[in-house]
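Here's what TrEMBL has on this protein:
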- A:85-277: domain 'ABC transmembrane type-1' (DOMAIN)
- A:27-48: transmembrane segment (TRANSMEM)
- A:89-113: transmembrane segment (TRANSMEM)
- A:120-143: transmembrane segment (TRANSMEM)
- A:149-168: transmembrane segment (TRANSMEM)
- A:211-231: transmembrane segment (TRANSMEM)
- A:256-280: transmembrane segment (TRANSMEM)
Amino acid sequence: MTAPTVPTTPRATGRGWLRPALRSRRFAAGLALLAVFVLTAALGPWLVGDPNAFTTDLGQAPSGAHWLGTTQTGQDVLAQLVVSARGTLLIGAASALIATVVSVVVGIGGGFLGGLADEALSLISNVFLVIPGLPLVIVVSAYVKGGGAWSTILVIALTSWAASARVLRAQTLSLRSRDYVLAARVYGEKRWRIVLVEILPNELAIIVSQFIFAVIFAILTQAGLAFLGLADPSHLTWGTMLYFAQNAEALTSGAWWWFIPPGLCIAALGTALSLISFGLDEVLDPRLRVRKVSA
Amino acid sequence: MRYLLRKLGFYAIAAWMAITVNFFLPRLIPGDPVEMMLARQAQSGPVEPGQEEALAAMLGLGHGNLLVQYGDYLHALARLDFGLSVTYFPSPVTDVVGDAVPWTLVLVGAATLLSVALGLTLGMLAGWRRGSWFDSLVPSTTFLAAIPYFWLALLLLYLFSQVWGVLPLGGGYDETLDIGLSGAFLGSAAEHAVLPAATIVLSSVGGWMLGMRNMMVSTLAEDYVVAAEAKGLPPRTIMVGYAARNAVLPSVAGFAISLGFIVSGSLVMEIVFSYPGMGFTLLQAVQNTDYPLMQAVFLVITFGVLAANFLVDLVYGFVDPRTRQAR
């Protein structure tokens, strides 16, 4: 995954950017796909039956009665998939939100304050950046066993804020010396007001894009953790579905309808979010737009 | 030289922070982990005297105040004394980890190099022919990048082993063979590495490609590229020698983030293939609540990633002289 390109000229935010963004095919496609997932997560659980209900149809292939077949214990795969969408999205959004808040505080705070505070904060973010996240997450989850969904969310958030903090710091450093910020200082505006009113709004596009990548990262990490059996198995997510499928040897028994859909959903959701982010980048950085060139 | 020292200083601090985090983490374990480990070891066989102290020191839970505990912990670490593994009792943890390291190192190392080379080349070509049919394929790699490694592994395993039966179902080598430098063993190891390596390459190549493509597009607009074109240099020379050489720099600089991603993904992927590397060992440790083994695996992986990043930073300082002069 590459960090999104930092736009060279921050645009004023407002309603002005949404219309050209929708003209980008990628952005529109991503948004439509995301809307499907969000609607499924919001309304779906009421439309399908109890995902944990056992039936006598054990390990059946897709049919009219069970569109995506059943698990080894006769649970409906489609019902599990729909209910898992909610769990997965909630964990992804919550971890990403916490990670983004931390990165905004560390990145913008450090970049704006400068001096020793900046040195210390950027050292910490760089260290967090080079220490691989997942092994740390696995070890912590193994230690605090049985912490439920919130411990998963916190652990993921704490290992995923560093990259975006670095991007935001770089942008803040560049904004800090712009004329309008200097003017605000000369007026004697308070520091927190300069940060909140002059700097933060101009970094909103980057923050949104970083948030989107944080959601993807959180969903992938959660899926990995759950697959290892380190997330609360009673909290249904696509990752826990894959965990149960793996433990029931769905692979060797050929029950492809059990382990393929959850992974496909994770990949599709990730793609939708990336498309939205790239669409935003294209709108903000016209150089990336595809133009026909006569080569 | 100053660049080198500064980088060395940074990685020393990063390593120290990893060690210190590792010192504090066992305090999160509910109950008394030392007692628990000893009881479990006693079930598997006689526990030698001195094990309790060694274990307590390694988990940072020895006698005395925090500073003494920290000192004991560092001392144990310096002697690489991780104690005995519970999972593979009575093998020392260092032996267990030592057996697993080469598998991951070779697999992840080779697959990463392959993926970087492939991704950068394809990205260069896509950026060079911006707007062509080839360039329009690039966005589809976002789908590959959003796939969890372990699920792609499941899918490949299902297709190639279960349905078509052309590749082995898992493990690192044919277990009837002895580990050694014999042709039969190496062939079997290579055969078992095909699917894991393919998983890593497929999942990570898109990121390199996309980053390189976008930088190529920006670089091609630079004056020196226009000047080279005006001079009438062959397109190949401009593409490789002028544009790509400069466009590749951010990819090198972004290696740290990518490597963390690849290593994390590979750990979970190894479990799908029962590949006898660090990820598989870590899972064994987690499933058996083998704290000493978990600690060792965490530290080894972290140090491996730090070392790789340090090497890449050295290369970066060499290929981009500007970084050496900065500050």
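Each Cβ is built from the backbone N, Cα and C atoms, and glycine gets one as well.
All annotation found in TrEMBL is predicted automatically rather than curated by experts.
Beyond the ends of the transmembrane segment (A:149-168), by six or more residues, the same chain brings 3, 6, 87, 90-91, 94-96, 98-100, 102-104, 106-108, 110-111, 121-122, 125-126, 128-129, 133-134, 136-137, 140-141, 203, 206-207, 210, 213-214, 217-218, 221-222, 225, 231-232, 235 to within a C-beta distance below 8 angstroms of the stretch. When the stretches A:27-48, A:89-113, A:120-143, A:256-280 are ranked by Cβ pairs under 8 Å to the transmembrane segment (A:211-231), first place goes to A:89-113.
Note on the transmembrane segment (A:27-48): residues 21, 76, 78-79, 82-83, 85-86, 88-90, 265, 268-269, 271-280, 282-283 of its chain, located 6 or more positions outside it, place their CB under 8 angstroms from a CB of the stretch.
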